[in-house]
């Protein structure tokens, strides 16, 4: 069976029909250049925005400076140590409850940080291989106002501070082993010490002073014993006095020896806290004017302890002590 199919002839396309087969042509678009006025407007907006940001930053910095100005204050002074003039500075940071004292410069610089918040004092000497800490009473430093700063400046600036350096005063000797756990130290003390090993300072007195103190304690004990013997036997107390059952003994009230407490009484010594300072360690009770108080920081000699000198390599760390009358009147704002 034969299938018949109709053949459709292909139409010939002439030259006139080429434009119908060609792809559509894209019309040319003319880009209109930006006008100068538009560019000026954009530039003006950018400049105004930058000026506003700068103004806001300046205002913020001003208020930040004004706020921190009441918490931190620096003052510079001059001190005479062994006939040699040295520069010193004191920084009061009431916001962080810190005092920082610097003495000397270069290889003779000594820095002392009093952390009243945690009750720790850190001391470091330039070129030294150790950093030292000692116990410090906890206190609160009030804010320093503008009038107070002017008063401090008039009290210290441009004057040579007298130095009190008593030969019979206590001497601070470093411990034999460094502190293993320094987590109790503040960031300021850790920043002061850096990578140096930290050693506790233990107070000691010259042997002559210790001998005098032992003699005084021996006399007190002898006098107390004599009075007890005169009061009669223990079973028959004198009239008006309680018996031993109600009267506490001295040994019962005495605290046990604590080798980690640098302020503990040892060998009949009194408390090592400087009696010229008040209980907060900020000012001087008996002083009528400011002075520079220096203390000796020494290294252990490692020899026989009863030897007259069991320390070596002493260096001095000095700080300014203000009269308590001035401190209370000015710092606390009572006048």
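Heads up, the Cβ atoms here are built off N, Cα and C, so glycines get one too.
Quick look at what Swiss-Prot annotates:
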- 45-65: transmembrane segment (TRANSMEM)
- 104-201: domain 'BRICHOS' (DOMAIN)
- 131-193: disulfide bond (DISULFID)
- 221-269: region 'Disordered' (REGION)
- 223: N-linked glycosylation site (CARBOHYD)
- 236: O-linked glycosylation site (CARBOHYD)
- 244: N-linked glycosylation site (CARBOHYD)
- 283-287: disulfide bond (DISULFID)
- 284-324: disulfide bond (DISULFID)
- 294-318: disulfide bond (DISULFID)
- 298-314: disulfide bond (DISULFID)
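There are 18 other CB atoms within 10 A of the CB of residue 298 (disulfide bond), with all protein chains counted.
Just so you know, of the disulfide-bonded residues 131, 193, 294, the Cβ with the fewest other Cβ atoms around it within 10 Å is the one at 294. Residue 193 (disulfide bond) falls within a helix when secondary structure is assigned with DSSP. Cβ environment of residue 314 (disulfide bond): 171, 296, 297, 298, 299 lie under 8 Å away, each six or more residues apart in the same chain.
Just so you know, the Cβ of residue 318 (disulfide bond) picks up 24 other Cβ atoms within 10 Å once every protein chain is counted. A straight line from the CA of residue 131 (disulfide bond) to the CA of residue 318 (disulfide bond) spans 16 Å. Residue 318 (disulfide bond) and residue 193 (disulfide bond) are 18 Å apart (CA-CA, integer value). Separation of the C-alpha atoms of residue 284 (disulfide bond) and residue 294 (disulfide bond): 14 Å, rounded to the nearest whole number. Residue 284 (disulfide bond) has a Cβ environment of 22 other Cβ atoms inside 10 Å.
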